[in-house]
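Participant: The structure that follows is given in the form of structure tokens.
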Amino acid sequence: MFVHKYLCYVFLTSFLTINSSGWSNEDAKRLFDDLMISYNRHRRPAASPHEAVDVQLRLRLSQIIDVHELDQIMTISVWLKQSWTDRKLAWDPDDYGGVSVLYVPYEMIWVPDIVLINNAKGTFNITIDTKATLHPNGRVVWEPPAIYKSLCQIDIQWFPFDEQNCLLKFGSWTYPSGLLHLSLMDAVNETQMEVTNERGELELLALVEDGIDLDDYYPSVEWDIMSTQATKRSKHFFGSKNGIYEEIDFNLALRRKPLFYTVNLVFPCVGISFLTVLVFYLPSESGEKVSLSINILVALTMFFLLLIEIIPANSTTLPFVGKYLLFTMILVTLSVLITVVSLQFHFRKPTTHQMGKTVRRLFLNILPRLLCMRRPLFMRRRAVDRTSERAKLRYYDRKFGQCSPISGSSAERQRQQQHGKLANRANAKSADAELLNEKLAKLYSSPQAIKSFENLCFIAALLRKKDMDTKQDQEWKFVAMVFDRLFLIIFSFACLFGTCWILFQAPTFYDTRQPKQPMMSL
């Protein structure tokens, strides 16, 4: 078994990548053989069993592949640079032809079992076969690429104008802090602070504001990086007998670029909400007021279904767009109810409803003046016509008496009154008027004249009733117009105020911070 292992080592030396400044493959092969001949990659590179191995970490972000809101998973591409000292891998370059660096497969040496603790999918450790860099002083540098899928609790309160904090927790899966000591590589402006942990004990934290390397970062089209804080902490896992474990948390604060959702989600919702106002501008005679309201309600329901497919199910907070959709849906529902009342006013008839004094005073006198409304011109003309018709009727009433059924003593009394009037007039005239008076008296007392008077009185009463019904019918329609105008103004202010009040609550509108830019793009 040892022979096969040794032959494998010899075979791998042919694939070693070394610096080409005059070094021979024989020197590199001899160095590799000397280092690996008695090396045990399963033994921790410490001088004593109780000595901790210092491992330095550096996270270099390459790309934010995806932040899946529904599954609450962030997928990123990174290079996790790790560095530690292994005294068994040290050598003197003069003894090996000046070889000062050696690249070996990481499977052949001891590497710390640093894993992503809050891993969501896949394996916890790095599975890509890469080489580690060995230096003469025993320093080992290993920087493998990896694609991590970490859990990221999505805060949907201000979606799509939201900012998410996604955490990457790295630590040793096996070794506690007494055997493996973690630290940040090339940490600048490190801050020490004490906090109280979950057990009520004081815990020392080390914070670095720029904890993630963005030199090779490819900017995302959906997210801006606002902060890259790194925190080193010691954590006690309940149920573990090995004591305290050290971990390094990389906090990636991401601010969403809202252009896509603003154009495809927010703007249509705002437009639909203002369509609610047009329901009160649509004439009642069109018969489409309720249909328009129902269509708007259906459109809002479709946007609600679309929102459910985007954001995760959450019973603690209502999303920002969801608030606006709910507000618009309430407005549309109220508009349907108010439209039904308005149509009920519009199609009222005098035979079924009588207008009360309060309604008449409020909707025909007070509100039209406040809403700058005037009664239609044809109604004023009809009022003038009715005035002239009433004057004519009063004239004929004075001339021929009040229209009522003429029969018996009443007919005789009317005949005598008319005969007396004509006689008085005829006395002042010549004798020829007496003959005319007698003929008129005979005409008034004839059955045909009495029947004609009765018919005229019936027609006059019918015209009065029809005129009154038309007047009340037009008044009910005008009440519906005033009702629509009133709620047109109310809903216009409600939509405008509600839109501004909800939309401008988003903290993104007041965030003046500039996102972090990679050095390669500067």
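Here the Cβ of each residue, glycine as well, is placed from N, Cα and C on the backbone.
Take a look at what TrEMBL says about it:
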- 1-22: signal peptide (SIGNAL)
- 29-258: domain 'Neurotransmitter-gated ion-channel ligand-binding' (DOMAIN)
- 259-282: transmembrane segment (TRANSMEM)
- 265-502: domain 'Neurotransmitter-gated ion-channel transmembrane' (DOMAIN)
- 294-312: transmembrane segment (TRANSMEM)
- 324-347: transmembrane segment (TRANSMEM)
- 406-426: region 'Disordered' (REGION)
- 486-504: transmembrane segment (TRANSMEM)
Participant: Quick one: do the transmembrane segment (486-504) and the transmembrane segment (259-282) have at least 3 Cβ pairs under 8 Å, skipping pairs fewer than 6 apart in sequence?
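Facilitator: Yes, the transmembrane segment (486-504) and the transmembrane segment (259-282) are in contact.
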Participant: Averaging the per-residue pLDDT over the domain 'Neurotransmitter-gated ion-channel ligand-binding' (29-258), what integer do you get?
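Facilitator: In the predicted model, the domain 'Neurotransmitter-gated ion-channel ligand-binding' (29-258) has a mean pLDDT of 87.
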Participant: Which bits of the chain, at least 6 residues beyond where the transmembrane segment (294-312) starts or stops, bring a Cβ under 8 A of a Cβ in it?
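Facilitator: That would be 69-72, 154, 156, 159, 265, 268-269, 272, 275-276, 279, 319, 321-322, 325, 328-329, 332-333, 336.
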